[in-house]
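S.K.: Sharing a structure below in structure tokens format, with a few things to ask.
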Amino acid sequence: MMVETKPPDDGATEVTEKDHDPPQQPQPPSTDGFDSDPDKTPAPETGALVTGEPLTEAPGGDDSGGPLAPVYSIYTTWEKRWIVLGGSLAATFSPLTAQIYLPALTVLAQDFSVTDTQINLTVTTYMIFQAIAPMFIGGFADTAGRRPAYALCFVIYIAANIGLAQCQTYAQLLVVRSIQSAGSSSTVALCQAVVADITTSAERGQYIGITVLPIVVAPSLGPVLGGVIAQYLGWRWIFYILAIAAGVTLVAMAFFFPETCRLIVGDGSVRAHPVYHTFWQIIKNNSLHRRGRRAQVSRDKVTTDTNPAATADGPQRTASPAPSRPAPVKFKFTPPNLMGSITMLFQKELGILLAYNAIVFAGFYAIATALPSQLSAPPYNLSDSQVGLIYLPIAGGSIGAAAVCGPALGRNYARHAARLDPSPATGDGSGGKKIKVDRERQADLSRFPIERARLEVGLPLLLLSAAMTAAVGWALRASAHLAVLCVLLFVLGIGLVGFNNTVNTLIVDVSPGRAGAAVAANNLTRCLVGAAASAVILPMINAIGAGWAFTVFGAMYVVFAPAMWVVMARGIRWRAEIREKEERKAEKKKALDDEKNGIA
């Protein structure tokens, strides 16, 4: 699933005794993410827009040979793709677990002798913990690292699945189902945080598109898989199979998935504590160490045999000093910071983005919840497995959105970079001076209109989503042919998932260093509003019909759309205010520390 980065051709990652160079000579930089220059520090997130005059005061460069900002990540394009794919596969467990369980609800109600309403509470509690748990894990992952966070999630998830398969009472089912949600739900936030770790703003759109696929594809496949397993193996095997799949994924990630948190490994080359090493890296390092020791013993023997100063008492030789190796970055447990995600809800730009994205995704939850009841009734009369297949067009649309939105976001980013004039003489960003976009170096976005670069792609998709949401409702009301409904759902998937891609990318862009907490806050608002939409959609359909019910959701997209124009117009100013506030806070903290230490 994962690939380790290769050391450069002109040097070796490990320093062994076979190197005859003096130890004080610098070693070439490592690209394996663990054994590296001892003095290397995380690369600053600056300098992707390169001209004769840098966009900001951050390190920049020009085509004439000026200084360039550090490369943002040591990973190659294909290595980034494999890393993101691995994170996306891990993120599949959250939406898959929520949906694969649904076909067995009736059987569970019978086995535990409870009503359908009571068994549905297990779905409600799952969604509540799905919203809350990432707020703890996201903040923990931003400070303690991605690999420890993944390990914690999967250990909890595997244990919960085994417990669910052994449940004997309804109370046990309710409690352990909540624990299961706490283990699986954070994987989506972790996946998007990994994307923020290794990709620059110029290339991030294409990778964010990959991470959204599990959110839509898994709910489409989950009911089908759950129905088949429950029918032929029994409902307990749903949880056994999930535990086995999670165990395989955990082992694969332990062997190959590298630590990406920039606080821990910087651009991927900072030497980290062994707890962050992959098993493959540990095996490789041990192998290199053993080969180095054998080579040293061989050289010692040659020296003893050929040294004329050797005596009967043994060789008189002076051992060469061993190369100095830096102490790895220490592992430090950091408790989860719940307030980190909550405070983001009250920031002007992030608050608007999170709230609006939740409203848009509420439409998706409403449609996903309403389809089974509408399609299993006359005139469609579809079976449970056939209803599950109707979700596949949405999954197909999401794949199309990922294929289209990624390149579109990249082109629009480059277009705005070409229009932006970084010269202080103009200062309005409209001078028309072309700027070279370096995808290997992260831009300082303090004066870059990243909101426009993202939302100009997303807003047309938003309007498409509004139209298709209403169209699906009226197609159900008119009992349209299934082919018509499938086409509408496919286009709806393009619009909804495409807009979600752009907003998710923007949320990560405006939250440097806090991607895990930001995505967790996004998950919180989306799940809570989605749970409310799932609860009200059927009463709405019963009261006013499917056509008008879905039209209400589509109209909400349009009514609140001006909020996105406000973000585009004032986003740069709001980000500057936050940056100034953080700088003042840092200065105040430094002054207090100096006063405490007695520094004048």
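Cβ coordinates are placed from backbone N, Cα and C, and glycine is handled just like the others.
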S.K.: From the ranges 121-141, 163-183, grab the one TrEMBL calls transmembrane segment.
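M.R.: That would be 121-141, per the transmembrane segment entry in TrEMBL.
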S.K.: Would you please say which range out of 82-101, 262-281 has the annotation transmembrane segment in TrEMBL?
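M.R.: Comparing 82-101, 262-281 with TrEMBL, transmembrane segment matches 82-101.
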S.K.: Are the transmembrane segment (121-141) and the transmembrane segment (457-476) close enough that 3 or more Cβ pairs fall under 8 Å, when only pairs 6 or more apart in sequence count?
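M.R.: Stretch pair does not touch.
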